[in-house]
Amino acid sequence: MMNEKQRLQYTAQIETDHPTDKKSALDENLQRLKQKTSQDYEKYFSTVFVPPSLKEAKKRGKEEVKYHKDFSIPEEFRGMGNGRKFYIRTYGCQMNEHDTEVMAGIFMALGYEPTDRPEDANVILLNTCAIRENAENKVFGEIGHLKPLKQNNPDLLLGVCGCMSQEESVVNKILKQFQYVDMIFGTHNIHRLPYILKEAYMSKEMVVEVWSKEGDVIENLPKVRKGNIKAWVNIMYGCDKFCTYCIVPYTRGKERSRRPEDIIQEVRHLAAQGYKEITLLGQNVNAYGKDFTDMKYGLGDLMDELRKIDIPRIRFTTSHPRDFDDRLIEVLAKGGNLVEHIHLPVQSGSSEVLKMMARKYTREQYLELVRKIKEAIPGVALTTDIIVGFPNETDEQFEETLSLYREVEFDSAFTFIYSPREGTPAAKMVDNVPMEVKKERLQRLNALVNEISAKKMKEYEGQVVEVLVEGESKNNPDVLAGYTRKNKLVNFVGPKSAIGQLVNVRITEAKTWTLNGEMVEETIEVK
């Protein structure tokens with residue numbers, strides 16, 4: 001990843017380090033970039049790109065899901081990347097992180113080498129997130145910062161991919177304001193990367209490929225995973241819930257599940273490679289299997305099979321309360337390698353606000369689900385997502401969110417101020433909660449989140465917990481860091497040989513968000 005200091009350094013270097021004999025090459029490149037505006041992009045979009053439409057998107061459920069299991073790099077593309085390097089900057093969720101692993105796998109299969117320095121790259125991709133406006137602004141800022149690098153190197157390919165690429169307004173902005181971008185491709189087009197690269201090398205125009213059949217599942221894509229301790233495994237793609245504030249159903253497409261045999265095979269392969277923890281991924285992971293027409297098979301059934309595989313820990317994210325059924329609770333209660341941590345976004349504690357959000361459950365239904373989970377899985381760690389300042393949210397409705405948080409006693413929460421997303425139903429609502437009120441509500445909510453987290457963490461003092469050691473602490477290389485089954489970060493002093501292993505740690509100090517401890521050698525019952 002490139003931090004602000006590094007960005008400024010290489011931008012300054014680009015602007016000052018070039019001798020005058022390069023001026024003609026720079027001018028020639030700028031002229032080439034300007035020529036890109038000649039194409040009639042408005043006409044292009046009117047014929048091949050369909051903007052987000054709630055009415056049209058909801059019709060897509062009838063489309064058959066097709067499975068393609070024969071992905072391979074065509075011979076004509078092999079060696080394309082010989083002598084070239086790639087750099088991918090990733091924004092957003094674990095799905096994007098996993099998509100980056102797939103793109104890195106494709107790049108390396110083409111012969112490219114990875115680099116963590118954008119100035120050394122021949123291809124730069126920004127894998128983007130569209131969940132909030134702030135995330136998009138960061139990407140536009142990054143595209144601007146990369147302009148000097150692009151001007152200096154006419155052969156550099158600069159691409160924007162991921163969720164932002166699926167939004168017409170974003171693509172139009174790039175076409176009009178950032179003509180030096182060479183490629184724009186969407187979340188459904190990752191498997192087309194070799195073809196997109198080839199066209200970008202050969203074309204003088206921007207390559208835009210954001211439309212495709214979204215009802216397919218592509219198997220056997222190459223991956224370059226980060227590390228060899230924890231791995232992500234996609235089990236489904238897309239979302240059909242259409243919460244009024246959310247852009248994901250438009251950027252990620254319809255819900256479509258991978259076949260269980262393909263998932264089981266992938267997890268077995270990871271277990272054989274020595275991975276210690278698997279996280280099953282999906283925009284709405286517990287809707288898994290609802291699109292199958294040939295069998296009744298859900299996330300609970302899949303987890304029941306995966307728990308028999310010899311891998312220490314299995315997690316999943318993100319779940320929707322609406323699809324969290326009794327079968328899944330029953331299987332999770334079996335324990336073993338199924339961890340006692342569930343991320344269960346509530347978004348609001350008010351039934352009225354939940355109705356405006358189209359979450360399709362009430363406060364009471366959510367609390368009943370929590371009761372069943374806690375009864376079946378004693379000591380379970382529940383975490384959540386909460387939005388404050390949704391249109392028309394009153395003070396009383398916000399108080400309901402605070403009271404629900406106190407009642408559930410979540411271990412932690414991701415909290416956000418409402419951000420309207422163009423193309424969603426909520427964007428048409430009047431955003432009538434003043435920003436100062438939103439900020440005050442967020443501050444009050446975060447104070448409660450911190451208070452309960454500190455209280456729950458304090459209970460760990462004196463306990464011995466199982467920790468999967470991931471590496472050195474970011475703040476101190478002499479300290480090791482890892483996570484418990486309930487996803488608590490633990491820092492402790494121990495030998496480097498413990499990295500990648502499951503060890504027992506006695507907690508000596510609890511902080512609001514982290515635990516400090518000491519490694520114990522003796523066999524002891526852990527929490």
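Every residue gets a Cβ built from N, Cα and C, even glycine.
Of the given residue ranges 1-27, 55-81, Swiss-Prot assigns the label region 'Disordered' to 1-27. Ranked by Cα separation from Cys129 ([4Fe-4S] cluster 1 binding site), the binding-site residues Cys239, Cys243, Cys246 are led by Cys246. Model confidence over the domain 'Radical SAM core' (225-455) stands at 95, taken as the mean pLDDT rounded to a whole number. Look at the domain 'MTTase N-terminal' (84-202): DSSP puts its residues at 65 helix, 23 strand, 31 coil.
Sorting the binding-site residues Cys93, Cys129, Cys163, Cys243 by the number of other Cβ atoms within 10 Å puts Cys163 first. Cys239 ([4Fe-4S] cluster 2 binding site) has a Cβ environment of 22 other Cβ atoms inside 10 Å.
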